[in-house]
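**Student:** Below is a structure I'd like to ask you about.
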There are 2 protein chains.
Amino acid sequence: MRVLGIDPGLTRCGVGVVEGVPGRPGTLIDYHVVRSEPDEDIALRLLHLDRSLAELVTLHKPESVAVERVFSQHNARTVMGTAQASAVAILAGSRAGLPVQTYTPSEVKAAVTGSGTADKAQVTAMVTRLLRLDAPPKPADAADAIAIAICHIWRGGTRARIQAAAIAAARRSSR
Amino acid sequence: MRVLGIDPGLTRCGVGVVEGVPGRPGTLIDYHVVRSEPDEDIALRLLHLDRSLAELVTLHKPESVAVERVFSQHNARTVMGTAQASAVAILAGSRAGLPVQTYTPSEVKAAVTGSGTADKAQVTAMVTRLLRLDAPPKPADAADAIAIAICHIWRGGTRARIQAAAIAAARRSSR
């Protein structure tokens, strides 16, 4: 199963592509950070993110997309941009007809470190170990995106298969 | 100038299409509310909104898109969905190569009623009067979207023309 994980953000959006099966060490295919400038026009920033993610989906042909869920308790100014980026991330999957799953930050941390309250350094360390990388992926946004993909693989993608059927049905009915 | 105004929302997204020039009464071309169910999967909700807005842009061929800006001081649960819907709304314009402008709720209210703190009933009443409609548009989400389009027309679209050039340049460079 090849999964494209996305850690949504408007200024930096992490993308990690991992191939694997539940319960086995996976393989890192690629990772990437899509960037835009905070002072740039919002329409241009969203368009850049949309195109970049569409290109990565086309390039890597994942079977599903996993996106970190956004919560409103974070910094109020940042959270609006993160919510907007998460919409673009989810659409990058569903527009391509792929199942999309969202995971909370603590689900992702628990999946890779065993603790839902692990810090960024721990997540990066475990991603590096689990995928047997020579060096930790940089920047940390990329490590988080890779962790999201690992989390999805280990969950076995059950929900994803149910949702894939619903998306396929929605696409057929809108033609 | 034909403008497609969008009042972003995940459960109800208002869309109003108005044709006009600054300082003159405009003409209402169409209005619409795109709906989705709160208990539905987020990927399917965003996909439905994305497709519906793309169809309305194709159908009405607006010269620009105007979207109400989202603020984080609203209800925390609702605001995440509204922010996600606003990203889809902005992309509906920029993906089609159209200039997209955002306006704050008080800019929109001030443009149609003269007061930035007008209530929904006042906005609906002024939209009905300004466009010489036989009856107020319903539901109120549609009236707000129409007000956003009127606000954009009356602002003269100066910023929109500058941004259109930037979007055109971004599209050329990504080919």
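Yeah, the Cβs are placed from backbone N, Cα and C, and that goes for glycine too.
Pasting the relevant annotations from TrEMBL:
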ACT_SITE  B:D7  active site
ACT_SITE  B:E68  active site
ACT_SITE  B:D141  active site
BINDING   B:D7, B:D141  Mg(2+) 1 binding site
BINDING   B:E68  Mg(2+) 2 binding site
**Student:** Relative to the Cβ of B:D141 (active site), which residues of the same chain, six or more apart in sequence, are found under 8 Å away?
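**Tutor:** The answer is B:D7, B:G9, B:R12, B:C13, B:G14, B:V33.
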**Student:** Return the residue, from the listed active-site residues B:D7, B:E68, with the maximum count of other C-beta atoms within 10 angstroms of its C-beta.
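**Tutor:** Output for this query is B:D7.
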**Student:** Can you check what DSSP calls B:D141 (active site), collapsed to helix, strand or coil?
**Tutor:** helix
